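S.K.: Dropping a structure here in structure tokens format, bear with me for questions.
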């Protein structure tokens, strides 16, 4: 009897450390409370599908150099009604943010959507879901499945040598009206990728389903956007440029991408009455399908509340190439719309373009009053 009791006690004693060590692995996070410890002490972090509480960030801004973070399961976010709140923040050097098979990052957009996006003062909501700031050193964000973000999805700022690839951004749940939006789509201002004040950023092979710009570069240099699939939004955009702390765009390539069921295909927009520079931008091998407003749109009369119809020339737009932009727009749309300020556009090149279907006559005031065919 005594021997059996001692034997059982010994087996339990020796079993405890192994189980305890598994439960206490600081690098495998199963609830929000373990996140800070993992970020400070680990270089290979696994986030195992937990809810981020109200008012708390999924803070990955202090990752060690060369860290890898892998999302598993379903990561969700409790409601935080605050325009200045960023649910996810990422920063680091030579870091990798990725997702395991079957994972989902759900931004809880349904709790916020009201058809107004960032234009509502009474119904506050996080303006950017994921902020990638000062991320450098050949860092990578890959293979993430993100859905239902409240307003803008990615804000990429102050970063360099960064590649984002293989992402699926899916906000189609916001296409239909809800009780707050009346007849409007519930989701609004839901840009996929906003890029500012960054250098050598590459977006490749990403799918975006949303209700605003698929990609919007408002400032930055040496940006490459390739093999994108953009559906439901406002297309591949430069701008709006002007009136911000950084108003220089120089060296952007949009390559081999599809824009479908969207308001615009290729768009360059500068803010009315503002100053800045847009230089050396190429749209090449862009396929358009069922564009509802403009196949190609260059306008210098932009305001968030709507264009003024009177272009200004404070933002200089130069060395712009449209090469093999092809496809169809809706019968209610215009194939081309170019509205430049007095003397502020120069060096546009058009080659191999074929945009058809627009029932409204194209309108261009540069380089001549005749639009490209």
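Heads up, the Cβ atoms here are built off N, Cα and C, so glycines get one too.
So Swiss-Prot lists these for the protein:
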ACT_SITE  212  active site, proton donor
ACT_SITE  234  active site
DISULFID  27-42  disulfide bond
DISULFID  214-230  disulfide bond
DISULFID  340-345  disulfide bond
DISULFID  364-371  disulfide bond
CARBOHYD  65  N-linked glycosylation site
CARBOHYD  94  N-linked glycosylation site
CARBOHYD  280  N-linked glycosylation site
CARBOHYD  290  N-linked glycosylation site
REPEAT    136-158  repeat 'PbH1 1'
REPEAT    159-197  repeat 'PbH1 2'
REPEAT    198-219  repeat 'PbH1 3'
REPEAT    220-240  repeat 'PbH1 4'
REPEAT    249-270  repeat 'PbH1 5'
REPEAT    278-300  repeat 'PbH1 6'
REPEAT    312-333  repeat 'PbH1 7'
REPEAT    345-369  repeat 'PbH1 8'
SIGNAL    1-24  signal peptide
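For the listed features, I'd like the structural context: burial, neighbours, distances.
M.R.: Taking a C-beta cut-off of under 8 Å and a sequence gap of six or more, residue 212 (active site, proton donor) has these contacts in its own chain: 117, 152, 188, 189, 190, 191, 233, 234.
According to its DSSP assignment, residue 234 (active site) is coil.
The number of other Cβ atoms within 10 Å of the Cβ belonging to residue 42 (disulfide bond), over all protein chains shown, comes to 19.
Listed in sequence order, the residues of the same chain lying 6 or more apart from residue 214 (disulfide bond) and placing their CB within less than 8 Å of its CB are 191, 192, 193, 208, 228, 230, 233, 234, 235, 236, 237, 259, 262.
The Cβ of residue 340 (disulfide bond) lies under 8 Å from the Cβ of 298, 300, 311, 313, 317, 365, 366, each on the same chain and at least six residues away in sequence.
Contacts of residue 364 (disulfide bond) defined by a Cβ separation under 8 A and a same-chain sequence distance of 6+ are given as 336, 337, 338, 370, 371, 372, in order along the sequence.
For the recorded site, residue 65 (N-linked glycosylation site), the DSSP three-state label reads coil. Neighbour list (residue 65 (N-linked glycosylation site), Cβ cut-off 8 Å, at least 6 residues apart, same chain): 92, 93, 94, 95, 137.
There are 17 other CB atoms within 10 A of the CB of residue 94 (N-linked glycosylation site), with all protein chains counted.
Neighbour count (other Cβ atoms within 10 Å of the Cβ, all protein chains): 17 for residue 280 (N-linked glycosylation site).
According to DSSP, residue 290 (N-linked glycosylation site) is assigned to a strand segment. Under 8 Å, Cβ to Cβ, and six or more positions away along its own chain, residue 290 (N-linked glycosylation site) finds 260, 261, 262, 328, 329, 330.
Remote same-chain partners of the repeat 'PbH1 1' (136-158), defined as residues 6 or more beyond its termini with a Cβ less than 8 Å from a stretch Cβ, comprise 65, 71, 86, 90, 92-99, 103-113, 117-118, 125-130, 164-171, 173-174, 188-198, 201, 210, 212.
Sorting each residue of the repeat 'PbH1 2' (159-197) by its DSSP state yields 3 helix, 13 strand, 23 coil.
Secondary structure of the repeat 'PbH1 3' (198-219), assigned with DSSP and counted as helix (H, G, I), strand (E, B) and coil, comes to 0 helix, 12 strand, 10 coil.
Sequence-remote contacts of a segment are chain residues at least 6 beyond its ends whose Cβ falls under 8 Å from one of its Cβ atoms, and for the repeat 'PbH1 4' (220-240) they are 171-172, 175, 190-192, 195-214, 248-271, 278, 281, 283, 286, 291, 297, 302, 304.
Across the repeat 'PbH1 5' (249-270), mean pLDDT in this model comes to 99.
Within its own chain, the repeat 'PbH1 6' (278-300) has Cβ neighbours under 8 Å at 235-236, 238-239, 241, 249-270, 272, 307, 311-313, 315-330, 332-341, 344-345, 353, 355, 358, 366, counting only residues six or more beyond its boundaries.
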S.K.: Among the disulfide-bonded residues listed here (27, 42, 345), which has the Cα closest to the Cα of residue 280 (N-linked glycosylation site)?
M.R.: 345
S.K.: For residue 345 (disulfide bond), write down the residues of its own chain that are at least 6 apart in sequence and whose Cβ falls under 8 Å from its Cβ; none is a fine answer.
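M.R.: Sequence-distant Cβ neighbours: 298, 300, 317, 318, 320, 338, 366, 367.
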S.K.: Comparing the disulfide-bonded residues 27, 371, which residue's C-beta has the most other C-beta atoms within 10 angstroms in this structure?
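M.R.: Result for the most crowded candidate: 371.
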S.K.: Can you tell me which recorded stretch out of 198-219, 312-333, 345-369 has the most Cβ pairs within less than 8 Å of the repeat 'PbH1 5' (249-270)?
M.R.: 312-333
